[in-house]
Amino acid sequence: MPLIRLLRPSLSRLLFAALALAFVHLATQPALAGPYEDAVAQFAAGSFADTEEAIGKLVASAHPRAATIIVALQDGRLFADPDAKTVFIKAEDGKVTDAATGDAVAALPDKASAVRLNNKLRRAVSGAMAGLTLLSPDLNKRIQAAQSVFKTHDETVLPTVEAALKAEKNAAAKQAFAEARAAILLFKQDASDVDKLDAIAVIKARGDQEAMALLTGVPAGQSAAVTSGIASAKAAIERNLALWSMVQNAWYGLSLGSVLLLAAIGLAITFGVMGVINMAHGEMVMLGAYTTFVVQEAIRTRYPALFDYSLLIAVPLAFLVAGAIGVLIERSVIRFLYGRPLETLLATWGLSLIQQQAVRTLFGPTNREVGNPSWMSGAFELGQITITYNRLWILCFTLAVFAILLAMLRYTSLGLEMRAVTQNRRMAASMGIATSRVDALTFGLGSGIAGIAGVALSQIDNVSPNLGQSYIIDSFMVVVFGGVGNLWGTLVGAFSLGIANKFLEPVAGAVLGKIAILVLIILFIQKRPRGLFALKGRAVEA
Amino acid sequence: MTPHILTRSLNRSATVFLLVLAALGILLPLSNLLLPDGSFLHVPTYLISLFGKYVCYALLALSIDLIWGYCGILSLGHGAFFALGGYAMGMYLMRQIGTRGVYANPILPDFMVFLNYKELPWYWYGFDMFWFAALMVLIVPGLLAFCFGWLAFRSRVTGVYLSIITQAMTYALLLAFFRNDFGFGGNNGLTDFKDILGFNVQADGTRAALFVLSCLALGIGFLICRAVVTSKLGKVLIAIRDAESRTRFLGYRVESYKLFVFTLSACMAGVAGALYVPQVGIINPGEFAPGNSIEAVIWVAVGGRGTLVGAALGAIVVNYAKTVFTSGPLAPYWLFMLGALFVLVTLLLPKGIIGTFNAWWEGRKEKDEARDRAQRDSATAAAAESAAREDGVIERTMVKR
Amino acid sequence: MSLLETRTTSAMLYLDGVHVSFDGFHAINNLSLTLEPGEMRAIIGPNGAGKTTMMDIITGKTKPDKGEVVFDGTTDLTKLDETQIATLGIGRKFQKPTVFESQTIEDNLLLALNVDHRVRGTLFWRRSEPESKRIDRVLEIIRLGDARDRLAGSLSHGQKQWLEIGMLLAQDPKLLLVDEPVAGMTDVETHQTAELLKEINSHDKTVVVVEHDMTFVRELGVKVTCLHEGTVLAEGTIDDVSANERVVEVYLGR
Ligand SMILES: Nc1ncnc2c1ncn2[C@@H]1O[C@H](COP(=O)(O)OP(=O)(O)OP(=O)(O)O)[C@@H](O)[C@H]1O
Ligand SMILES: [Mg+2]
């Protein structure tokens with residue numbers, strides 16, 4: 001009872017002060033004797049009630065020194081001389097200043113003692129800290145402060161919050177203040193049911209994990225209307241959360257799927273179209289990533305201004321580097337092994353060892369730093385999920401690469417020749433197609449695309465000599481799952497594996513999820529040995 | 001009508017192989033145990049363990065050759081069976097440590113105490129008994145191979161598809177064994193073994209005995225493989241390798257045959273792993289790495305697939321080279337060499353060392369025979385000629401007359 | 001219904017209303033065919049008529065989309081796989097001779113021999129006197145006795161054909177499906193093959209022969225079925241069939 005009696009007047013005064021302040025928009029003029037000085041002096045009054053009132057006033061004054069004083073109070077470094085009504089701050093290094101003015105003082109007066117705190121006051125102090133920033137001129141700070149009030153729902157800052165809410169022009173900040181206010185009202189014992197129900201509605205509209213936590217934390221003993229309001233709001237939020245977590249998983253899945261697709265497209269050409277088992281495919285990806293690294297190094301040392309364009313420069317280069325090495329490999333090794341898939345597998349595994357070791361020797365065994373250009377860093381919020389730009393760009397990039405490849409196979413003469421050679425080599429040869437040139441170019445194309453994939457993957461993965469190893473099994477799984485020789489199958493395969501993986505992860509954990517996916521694919525291959533979209537007919541058996 | 005199983009299994013190269021193996025298996029341990037340290041012929045213990053390791057690898061290679069060389073199943077996951085056998089043995093060795101561990105827990109191995117296990121997981125029961133562990137060395141890899149093979153072969157997953165899913169299998173196991181809560185020591189695996197059947201694993205005598213056992217296992221494994229491949233079943237396996245669907249049309253249940261050799265082969269790999277672990281003193285999830293399995297395949301390719309002797313030889317040669325190079329100044333180049341080995345063997349020596357040698361030997365024999373035949377022919381020709389000449393002479397003389 | 005029952009039970013091979021399509025291409029269309037026990041039938045038809053596909057269906061390589069395939073009056077072949085069908089006693093010689101190239105001729109015959117084909121059986125199998133005799137006899141018939149230790153891969157095309165026929169003999173099935181047996185053979189050999197098939201048929205074996213060589217078909221002197229676009233175009237003696245207008249039309253092209 002005394003508490004309430006004490007609070008009431010202070011509250012109304014506080015409210016008034018805060019309002020005034022907000023209109024003035026941060027009083028910076030140091031008045032000689034005003035609310036601020038009164039507030040400081042009140043710390044010397046001695047009783048807990050006075051201290052509490054002083055804190056409130058101090059916050060409302062929004063004086064630049066208010067924060068310093070509050071911090072000192074919190075740390076027990078605020079000393080008051082009850083007789084002189086002066087207050088001092090003892091800095092950590094022992095120097096003493098006058099709390100109100102900040103002027104240095106030789107020493108603490110003998111009578112000065114530390115301003116005492118009890119638990120209730122401690123809460124008021126931390127609320128006050130938040131209250132101070134609620135009125136900050138910096139928009140982000142204001143929003144942050146409002147959010148922290150939302151969590152602490154400290155009654156003492158209610159007036160400040162309300163004042164800030166009224167004054168606020170920015171929509172996001174206004175929203176944050178409204179939510180903070182709702183949180184406080186919900187926990188305020190003497191708030192009316194109407195207020196509380198309104199508050200619940202606001203919190204429900206927020207609908208996130210924190211809103212859920214807040215509602216769960218409401219103490220028991222509310223009126224029936226409020227209790228049922230809370231229950232239904234919780235249910236609604238839960239549904240909302242479930243929905244958003246689905247959306248989130250789907251997005252992560254799409255993102256993983258795009259990475260898988262990117263890594264697998266090249267393989268879909270070399271393995272899917274040509275039937276060559278290239279175990280060095282992952283190393284082509286790695287070469288692409290290292291090309292990006294080299295490009296960025298060159299740019300950093302010579303033309304730092306071009307850094308944002310580094311990836312644009314790296315893409316064609318990576319294609320050329322990986323493609324050229326692919327052609328070299330095809331001409332020097334693979335062409336002697338056509339029709340002997342198991343031998344091809346072993347030889348290309350050997351090539352992958354050589355490439356890894358070569359990169360290790362040239363660039364060292366550790367991770368290399370590849371930076372994100374500015375347009376790829378950062379993130380934005382979409383509803384309740386955060387979308388990072390690099391993931392979004394990679395998704396777009398992957399789809400673009402896929403589309404270009406598809407168009408290439410369909411509309412260019414190389415694409416036509418490629419399809420002819422893979423469907424019937426001898427026939428194609430007798431029609432005057434230089435099959436060995438087409439083989440080399442096809443393999444080069446597949447490898448080049450792997451190189452491009454490396455550029456993109458360098459943005460989200462560690463660039464190390466082992467980069468390729470981590471993708472090879474996944475890529476094969478994607479191609480086999482989607483159905484060999486079918487690019488659309490690879491697309492569907494990559495995205496369904498990516499999404500399945502991300503939906504399993506929360507249930508089973510990352511590693512078990514991955515194991516589960518591998519086991520599922522193994523089982524799937526039993527059911528449909530030739531993949532999701534298998535080609536049929538005699539061509540396959542030959 | 002057909003020769004007895006033993007005479008059938010032991011052709012000349014098989015006999016030579018077994019004799020050499022027996023000689024090594026007896027002489028090396030004897031030299032290690034009986035000859036004094038300084039002696040020229042003394043084989044130090046570390047070499048015994050090293051050779052023991054090679055012999056285990058040879059057994060693994062043999063198991064791969066049985067399915068790849070004779071049945072065309074290229075498993076890129078045989079390291080998994082090897083590692084499972086190794087883990088079964090490692091679990092026994094772990095439980096033998098008892099109170100001598102850092103935490104001196106009589107039941108729980110150190111890592112479990114460290115990870116706050118309250119009691120032994122059920123799948124560790126029984127591993128304090130050697131016979132049980134020995135049984136598991138065969139059963140666990142065998143069962144996995146059986147289940148995996150049953151699914152894969154029945155759905156006619158063949159060729160590279162099979163290779164890729166075997167690789168995925170070992171990869172999945174790799175991920176699983178890396179987890180601490182999987183109950184096999186996670187990242188660190190099982191190590192710090194103290195004794196086996198009451199003998200100190202570090203002692204010279206134990207090491208020599210393990211070496212002898214490994215040689216014995218290799219010999220027995222080799223005989224089993226020979227018996228299999230020289231039986232009619234061996235012919236069926238080759239038929240499956242060369243023309244799988246044709247074999248079906250003759251009424252053979254191809255998947256049963258594949259399942260049989262695949263499981264047999266996995267059991268052999270498991271035994272190899274079980275003997276390997278006490279000799280190297282550790283088993284960790286790294287053994288499941290897909291790279292290991294592929295490396296084992298290349299041993300077989302180097303030695304010559306489908307020859308058995310070649311597989312064992314290849315394992316020993318490649319691993320010896322690995323030891324030599326990775327411990328010398330050439331260490332950074334070892335992976336280059338290994339990679340080049342993969343490429344060169346497949347391109348230039350597709351039959352492997354033994355296969356090429358055999359072809360050359362056959363060729364020489366044929367040439368010899370051809371020469372013999374030619375000689376015989378020319379001899380008869382000469383005889384005929386001389387006869388004719390004689391006739392002529394006679395004629396001439398007659399004419400003269 | 002009862003009529004159908006009696007017919008299916010008496011026939012050795014009974015196909016009715018069989019359809020197969022590959023990616024929308026109808027290779028077999030409402031194909032019906034009945035072979036009595038001990039009958040020999042020659043099947044002719046232009047390239048792509050579906051003759052080989054028909055054999056694929058009978059031997060379980062291809063599953064029909066629709067239709068009945070009954071063997072020996074009781075067994076529904078569409079439910080069985082290749083192994084089971086072969087074990088029932090249906091042997092096949094492929095159009096493209098498929099022998100086990102890296103094994104000797106003798107081993108090829110050994111593999112075909114109709115003894116226990118299960119794993120345990122083959123693992124512990126040992127050749128008995130009668131089995132050796134049988135292999136010798138087959139080698140004699142196919143005139144490869146001198147080459148018994150040669151690798152099958154080293155044989156000429158015609159010799160491979162003979163070896164495959166030899167494998168059929170060793171297999172000793174009730175129903176033989178022989179796809180183009182005389183392609184690549186000389187006239188004399190063609191004649192010998194015809195004699196051999198007639199001889200086999202005379203031992204109560206049911207035989208289906210697919211062949212393009214008309215002299216050979218004529219020499220067999222059996223009922224002929226002409227397939228076209230997956231259906232039976234004509235059936236009868238060789239003279240009837242070759243006089244049939246539509247047959248002439250499909251052979252000469254429209
Ligand atoms: N597995 C398959 N996939 C796609 N098409 C097939 C398949 N099997 C057969 N066909 C098609 O079915 C048709 C019939 O083929 P089939 O081999 O049965 O002809 P055939 O009568 O044996 O001809 P030939 O006299 O040339 O041997 C052909 O057009 C062929 O291309
Ligand atoms: Mg045909």
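All positions are counted from 1 along the displayed chain.
Cβ atoms here come from the backbone N, Cα and C positions, even for glycine.
Please treat TrEMBL annotations as automatic predictions, because they have not gone through curation.
Looking at the stretches A:41-61, A:440-460, the one that TrEMBL records under the feature transmembrane segment is A:440-460. Ranked by the number of CB pairs under 8 Å to the transmembrane segment (A:440-460), the listed stretches A:250-277, A:309-329, A:392-411, A:472-495, A:507-525 are led by A:309-329. For the transmembrane segment (A:507-525), the list of distant contacts is 477, 480-481, 497, 500-501, 531: same-chain residues at least six beyond its ends, Cβ to Cβ under 8 Å. Listed by sequence, the residues of this chain that lie at least six past the ends of the transmembrane segment (A:250-277) yet keep a Cβ under 8 A from its Cβ atoms are 284-285, 334, 338, 341, 344-345, 348, 385, 387, 391, 394-395, 397-399, 401-402, 405, 418-419, 422, 439, 442-443, 445-453, 456-457, 460, 471, 474-476, 478-479, 482, 484-487, 490-491, 493-503.
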